[in-house]
Amino acid sequence: MGDNTTVAPGTNQTLVEEDLGAQITHTLMVQIMSKLNEMLTEYQPQIIGIGATVLAIFVIMFISLLIILGCNCIRPYNFKNLKRYITGKASKSVEYQPLKMSAVNMGMDEDDEFLA
C-alpha cells in the first residue's frame, strides 16, 4: 500500500487520506466565512441603512418622474402636443413649444421685479 492510503477499521476497504491542499482550502473557506459572518453581524445596521437609503432615493425619483410626466397643473396641452409630436400624429399646426419662463407664467404681474 502507498503512503496516502489506510484501511478502514473492521473492513477491507482502502480509504485515501485527504489531500493537504483540500484541507488548507477548507480551513481558509471556514475562516473567510466566519469572518464575513462576523462582519455582517457587526455592520448590519449600516448595511440596512445604506440599502434603505438607496431604495428611498429610487422611490422618490420614480414618484417625481410620475408627477412630472403626469402633472396637469403646468400646461396640460403641452404634454398632449408633445406626445402627438413624438408619435408623428401631429398636424402642421400642432408643434411642441417648450415652456418659456416669464413673469406671467410664474404668477407675477408684468410690473413686478425679480428679486436678485
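Here the Cβ of each residue, glycine as well, is placed from N, Cα and C on the backbone.
Keep in mind that this is a model prediction, so the values were computed, not measured.
The N-linked glycosylation site annotation in Swiss-Prot covers N4 (among others) and rests on sequence analysis.
Per Swiss-Prot, N-linked glycosylation site is recorded for N12 (among others), and the stated evidence type is sequence analysis.
Swiss-Prot lists 1-46 with the feature topological domain 'Extracellular', giving sequence analysis as the kind of evidence.
The average pLDDT computed over the topological domain 'Cytoplasmic' (68-116) stands at 58. The topological domain 'Cytoplasmic' annotation in Swiss-Prot covers 68-116 and rests on sequence analysis.
Under the heading transmembrane segment, Swiss-Prot lists 47-67, citing sequence analysis as support. Tertiary proximity for the transmembrane segment (47-67) is limited to same-chain residues at least six positions away from its ends with a CB under 8 Å from its CB atoms, namely 40.
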